[in-house]
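Per Swiss-Prot, the features are:
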type    : residues                                                                 : note
BINDING : TYR40, GLY65, SER66, SER67, ASP90, ASN91, ASP122, ILE123, ASN137, ARG204 : S-adenosyl-L-methionine binding site
Amino acid sequence: MSKEPDRLFAQPLAQVPDFAFNEDVVRVFPDMIKRSVPGYPTIVENLGVLAAQFAQPNSVLYDLGSSLGAVTQALRRHVRTDGCRVIAVDNSAAMVERCREYLNGQDSMFQELLPVQVIEGDILALEFQPASVVALNFTLQFIAPEQRLALLGRIRQSLLPGGALILSEKLRFNDDQEHALLTDLHIAFKRANGYSELEIAQKRSAIENVMKPDSLEEHRERLLAAGFSKVVPWFQCLNFASLIALP
């Protein structure tokens, strides 16, 4: 993957545009997400491990909002269930193009990986096939809040008995003191990873209108309303968490 450092917000901008997954972001995305999301490598690799426990023969594994395909690669590293295939979906043409390049590279290094199809498209319009695993890895937070329940309901309808949705998200907290503390600790994490105060402030300004986090309680209530029977948090680092939702 690209080793280009994230310097997108290093210089003062007269007007900070809304964050978008364009070619500029794609170029630096691996560095950006590693330095911005505490626990990201652990979540991604273990998502593959978890998926291997739920994958069922002759079913689809979905990576929704696949970006550069890190989750898809983890699924292919860990899942060995007969007849499974991965469908990765993202609405950014730049992300999809680079994702395909990285997956071709994975194919050249390893044999007997799950077949994969990468689709450029809107996950809200996707016609789901019977699935045993669906991954939403830091994707739902970019979906309009009023559209989230319907999407989760459609995912629930597509899941086979014994399957799972694995949902990773940035969290907000209903307790003001808890929210302030974890926000400050997240900023400290970014400082420790080399981001300046200017970069942190401009990135926050760029993303606050396009990313709308929910609380853990909101996630749980929505997943149950969508028809899931059980919601199990399996990972949290600061204000980032991952959940398993069972049909």
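Placement of Cβ uses the backbone N, Cα and C atoms for every residue, glycine included.
What Swiss-Prot annotates, mapped onto the structure for a quick look.
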{"residue": "TYR40", "record": "S-adenosyl-L-methionine binding site", "Cβ neighbours (10 Å)": "19"}
{"residue": "SER66", "record": "S-adenosyl-L-methionine binding site", "Cβ neighbours (10 Å)": "28"}
{"residue": "ASP90", "record": "S-adenosyl-L-methionine binding site", "Cβ neighbours (10 Å)": "24"}
{"residue": "ASP122", "record": "S-adenosyl-L-methionine binding site", "Cβ neighbours (10 Å)": "11"}
{"residue": "ASN137", "record": "S-adenosyl-L-methionine binding site", "Cβ neighbours (10 Å)": "23"}
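In the three-state DSSP classification, ASP122 (S-adenosyl-L-methionine binding site) falls within coil. Classification of TYR40 (S-adenosyl-L-methionine binding site) by DSSP places it within a helix. DSSP classifies SER66 (S-adenosyl-L-methionine binding site) as coil under the three-state reduction.
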